[in-house]
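> Have a look at this one.
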Amino acid sequence: DGCGYTVLGPESGTLASINYPQTSPNSTVCEWEIRVKPGQRVQLKFGDFDIDDSDSCHSSYLRVHNGIGPTRTEIGKYCGFGFQMDGLITSKSNEVTVQFMSGTHTSGRGFLAAYSTTDKSDLITCLDNASHFSEPEFNKYCPAGCAIPFADISGTIPHGYRDSSPLCMAGVHAGVVSNTLGGQINVVISKGIPYYEGSLANNVTSKVGPLSTSLFTFKTSGCYGTLGMESGVIPDSQITASSVLEWSDQTGQVNIWKPENARLKRVGPPWAAFISDDHQWLQIDLNKEKKITGIITTGSTLAEYYYYVSAYRILYSDDAQKWTVYREPGVDKDKIFQGNTELYQEVRNNFIPPIIARFFRINPLKWHQKIAMKVELLGCQFSIGRAPKITMPPPPQNKNDDKNDDFSDDFIHSVKTSLQTDKTTFTPEIKNTTVTPSVTKDVALAAVLVPVLVMVFTTLILILVCAWHWRNRKKKSEGTYDLPYWDRAGWWKGMKQFLPTKSAEHEETPVRYSSSEISHLRPREVPTMLQTESAEYAQPLVGGIVGTLHQRSTFKPEEGKEASYADLDPYNSPIQEVYHAYAEPLPITGPEYATPIIMDMSSHPSTPLGVPSISTFKAAGNQAPPLVGTYNKLLSRTDSTSSAQALYDTPKGQLGPGATDELVYQVPQSMAHSTGSKDE
């Protein structure tokens with residue numbers, strides 16, 4: 001009398017002490033004899049263990065034995081409040097005896113344990129929930145019997161279950177494992193939702209639940225779609241029934257609750273049987289063989305007609321002639337499915353394993369007032385395990401033709417029967433015939449073309465990238481402050497006249513000035529940098545090395561400034577003196593243009609004799625610019641018979657590259673002013 005909740009399946013099961021999880025009564029005893037397939041061993045796992053140990057396991061205990069009967073041997077004896085046993089108890093054979101003894105005690109819940117064969121290494125108990133595991137996704141094995149009456153779950157499929165719900169009980173509710181057989185579950189943890197719906201499915205009631213931090217769902221095969229009752233894919237002509245309720249209401253209107261009314265969520269009356277007995281049925285023709293994984297039912301859905309079916313059987317057939325009652329594997333009796341408990345609620349039941357059939361029939365066994373219901377079938381197309389077409393050589397034509405025909409029919413019938421018994425017999429042959437020679441050729445051709453196309457596209461991309469890179473480098477080299485490459489040769493020719501010419505064979509002729517002007521000169525610092533502008537005017541010679549003029553040039557004064565403006569050289573020595581950025585100002589009494597400077601450069605015979613180089617200076621305005629500070633007067637020596645090379649003077653006190661110890665100065669001749677030319 002000490003046995004509590006017990007489900008003993010062929011490979012797994014669940015057992016608990018009497019009155020669990022409440023305190024077990026005094027002086028009770030129970031023994032469970034567990035058998036699995038020969039060659040297998042049994043493993044036992046405790047989900048909860050709370051047995052009084054006040055007398056050191058003398059009168060209250062749990063004892064586990066190898067074997068059954070008088071020859072059994074003890075594995076262990078256990079007791080204790082809140083006893084934690086993390087490991088598994090494993091037998092040495094395929095038979096185990098579990099003995100529970102309850103003596104005199106005042107507290108103790110007893111125990112709840114699960115068992116399975118030893119090949120189920122990831123066995124859990126019916127009490128484990130998602131909070132016991134930290135992984136976001138994991139696989140576990142649920143034992144049979146986890147639709148326990150003393151636990152609660154919240155949620156439904158496909159929205160998910162609250163994290164406080166026992167995993168295996170939720171798996172039974174979701175239809176992924178059977179309460180009779182147990183099975184493997186694939187759990188996925190995700191973020192919780194504010195509200196969990198409740199429903200009745202597979203004889204497990206899920207309650208409404210509040211917000212939780214996380215929830216869990218199950219990965220399934222995905223074969224849970226509707227098969228066409230609600231949508232109308234199944235036509236009315238394929239829905240039939242044993243009888244139809246037909247009656248007249250108070251207004252005299254005739255009401256016929258036909259079989260085609262038995263569509264889930266269809267507005268209006270349901271299908272109802274004319275006679276309410278256990279011989280009535282509702283039949284659905286799916287037009288071809290399909291995989292049926294579940295069914296959803298409701299009552300009449302009409303408040304004034306409180307009709308519904310509370311229990312039913314399922315039958316199926318391939319020809320609508322020979323019918324098979326649905327049973328669970330290893331069970332020798334028909335499975336009775338729990339139906340509705342009221343007329344509105346949708347109740348789901350799953351078939352584990354699924355049904356493979358064309359014709360589907362519902363046989364009500366219990367009902368409220370009258371047999372009335374609406375249904376929807378769940379499942380998917382059945383595309384595996386088809387029997388291949390059988391071809392046979394024609395039998396010989398003789399007097400035994402009738403016997404041969406009978407033999408052929410019997411052979412075909414026997415082959416068809418064997419194929420229907422084991423749908424997956426010819427699966428390897430079907431897979432092998434799916435690859436044809438043309439497919440192989442296409443694969444080989446693709447294996448050649450794909451690398452070639454990849455190489456071609458890669459080459460094009462590299463060419464485009466290189467062209468783009470070269471173009472960017474070209475633009476960068478021809479920036480705002482640089483000249484295009486096609487003008488650099490002319491620019492170099494224009495600039496050569498300002499660069500000093502120094503030869504190893506010749507020394508430059510010193511510039512001599514008249515001694516009468518020595519007192520009027522003072523040295524000035526000369527920048528060491530050439531400033532270049534546009535080609536319209538020649539650049540000022542402000543370098544420390546005297547340049548040689550090879551062609552005509554003019555100096556362009558700074559625009560927008562007064563003629564007397566003088567720049568201060570920021571790179572000058574500590575004694576900073578003011579000078580013009582271009583040419584020396586002309587004397588006040590001088591002409592408008594500068595006097596050409598013709599110097600004797602006999603040591604530079606590159607220019608033909610008698611061809612003078614003329615340098616013209618133009619001052620801003622009509623008046624001569626006023627002098628700022630003390631300026632040196634620009635003097636030159638003219639010699640019509642000398643070389644036409646033109647050089648500036650070397651300041652007094654500062655030796656140029658071609659200077660000698662003696663400096664002789666000469667005042668330019670007045671006749672030279674007439675040779676100046678005016679440039680704009």
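Note: Cβ is positioned from N, Cα and C throughout, glycine not excepted.
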> Can you tell which of CYS3, CYS79 TrEMBL lists as bonded to CYS30 through a disulfide?
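Checking TrEMBL, the candidate bonded to CYS30 through a disulfide is CYS3.
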> Mind checking which of CYS3, CYS30 has the fewest other CB atoms within 10 A of its CB? They're the disulfide-bonded residues.
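Each of the disulfide-bonded residues CYS3, CYS30 was scored; lowest Cβ tally within 10 Å is CYS3.
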> Where DSSP helix means H, G or I and strand means E or B, what are the helix, strand and coil counts for the domain 'LCCL' (120-216)?
11 helix, 39 strand, 47 coil
> Using DSSP, what's the helix, strand and coil tally for the domain 'CUB' (3-118)?
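Counting residues by DSSP class gives 0 helix, 61 strand, 55 coil.
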